[in-house]
Amino acid sequence: MLLSALVMSVGINSCLCVLFFILYSVLRKQPRNYEVFLPRRLAAGTSKRRRNKVARYIPSVKWIWKSWRPSEKELMESSGLDGVVFMRMITFSLKVFLFAVIIGIFVLLPVNCFGDQLIVIDYADWSSNSLDLFSVANLKVRSPWLWVHFGAIYLLTAFVCCLLYFEFRYIALKRIEYFHSSKAQPHQFTILVRNIPSSDGSSVSDTVDRFFGENHSSTYLSHVVIHRTSKLRSIVDQAKKLYKKVKHKKPVTKTPMRFFSRKDTPEDQYERVLQEMEQNIRLGQAEVSAPGKEVRAAFVSFKSRYGAATALHMPQSINPTYWLTEPAPEPHDVHWPFFSASFMQKWLAKILVVFACLLLTILFLVPVVLVQGLTNLPALEFMFPFLTLILSMKVVSQIITGYLPSLILQTSLKVVPPIMEFLSSIQGHICHSDIQKSACNKVIWFTIWNVFFATVFSGSAFYKLAVILDPKGIPVKLAVAVPAQASFFIAYVVTTGWTDTLTELFRVVPFMVSYIKRSFEPSDENEFVVPPMRYHRDTPRVLFLGLLGITYFFLAPLILPFILFYFCLAYIVYRNQFMNVYAPKFDTGGMFWPMIHYTMIFSLVLMHAIAIGLFALKKMELATYLLVPLPVCTLLFNEFCRKRFMPIFTAYPAEVLTKRDKEDRNDPRMPEFYDNLVSAYQDPAMLPLRLSGSRSDSLTSPLLSSTEV
């Protein structure tokens, strides 16, 4: 890609960013848009629909200062530890790339520019220059200046590893602090027990009560047996949809003539159907509660956190296949539908997910190949000779080769997070947080493989196969292929990083949906949804751009300022979104950080592998041998961090649990908490339904509002 095409891409995306920024600054002040841009503040009552007609149409940057102002403690109180971990990931990246920019731009870039391996830079016609002139490819074989890159690689690795250590320790301590500062939660006292053995003449509930009453008599409190409620849940979902439809209907006042009319109004028909559904739900609840409809699993609650932890980590039976225990999620985090699946259904679902991921990976090669075809203008003219006249126009060719490829790739990636979330939901996870963590992990590695490796090795299928069959030559092949894609990835950073972050701020899709809904049907100003943060969508993007920056740190340091600016944007935008838009649906207690840590370690090792291949190509034997210990030491450091900090993320220490239990003994609220704990894990589809004759009462049934899982 020529430098002029890259400048065109940067210019287009910069204009889009400015446009989204101005639109957001104006539209966020419009009262009708509060449920799009300020739903959380609107729900909390901290923002009112103001009617000032003058100030509403003047762009303002006050929201930037308001986003910057809240402390980390306030962020934890409002968005939980997961929100803090997400923002720590961005601040960690800011520190890394501020250090990388100083070395890359002021040390490595001048060294690359004054190399003479390629043609000399034409300062008179800068637009005809290739970005390779600013990369390490411009240094000759055995050039002594390559030792500068060697030292920079060691410096960056040491800096990143030090930051990773301190961040891992900080998040681990924050996890303990968050545990101490939060009030008593049901999942801290509860475990999930599976594979409960059958007993002749006894129900599952009696078996659980007898077993834990005998073996955990001092700590056992209560249990809730899980039932097969998939069919009942579908009826409840239909009732919820009908309830929303009836709620939006305007009530019709009957005149005397209307009162004596035999013809029912649509509202009366809706009311009758809703009452029939409520009757079916009651019958379904009675049927599901009958013997034989129970799943051989139960949520078992204890009187103390230490008692729950003891039961969780201790084998319960001589037969290791019975009484299997695992941590219980938060009650509102439970993913109820999959409890009804049989073992064979779960096993088949896991196989289906693997094949679906492989199929999606293969299908995604189509846009990758298309993108790489667009970046190669001569090949495009050869494949489509009738476009030669159009492609000869300088502006058109710059847009096609500079902006269009990254736009196509970015648009194609939009469908990946929802697909991965759906595949994770049928994989057997019992809570929404595990589904999001699984989807996040899938999206990360899907992006790394399909965007990075598939783009780098964008030759024929036989070339890709040759790379896989010759693993020893992968570092050398990476050293050749990765620098050649530097200009494409800079355009990708600007499109996916800058523009996508500003579209996140502007919330393009929710804004359009809200506008269309208002156009076709009136909506209640007090009825809106506060969305949760989609960690499986945003975390992989941040980590992948970090991987690009670390990988190209010594290869093409010109990419570093673009990535640093992205993280500056992300810091402001996501703090604003956490404060004004997103409300936590669940909290994993910082469990996303190990995933972030391992991805950064992979990025370092990938950089080392490419560096080893590069120095081998440049005939720097000594530098090649001296780099070999670096990935080994990085992996040893990762193992040390895993042994040192991961136990805190796996389970809370005994001293922490017993300390909280002792504090709870003097808490007057604990008796009420234990009373609520007995029914905390009741399936929402099994909650009692209060029927009433009037239409207004039937629409306020607690079942319809409590089944939002």
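Each residue, glycine too, has its Cβ placed from N, Cα and C.
Note that the structure is predicted; figures quoted are calculated from it, not measured.
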Inset, instruction - State the residue range annotated as transmembrane segment by TrEMBL; the candidates are 382-404, 474-496. - result: 382-404
Legend entry - Model confidence over the domain 'CSC1/OSCA1-like 7TM region' (350-615), averaged pLDDT: 84
Legend entry - Non-local residues, at least 6 beyond the ends, that sit with Cβ under 8 Å of the transmembrane segment (144-166): 92, 95-96, 99-100, 103-104, 107-108, 111, 115, 136, 550, 553-554, 597, 600-601, 604, 607-608, 611, 615, 618, 620, 623, 626-627, 630, 634, 637, 641
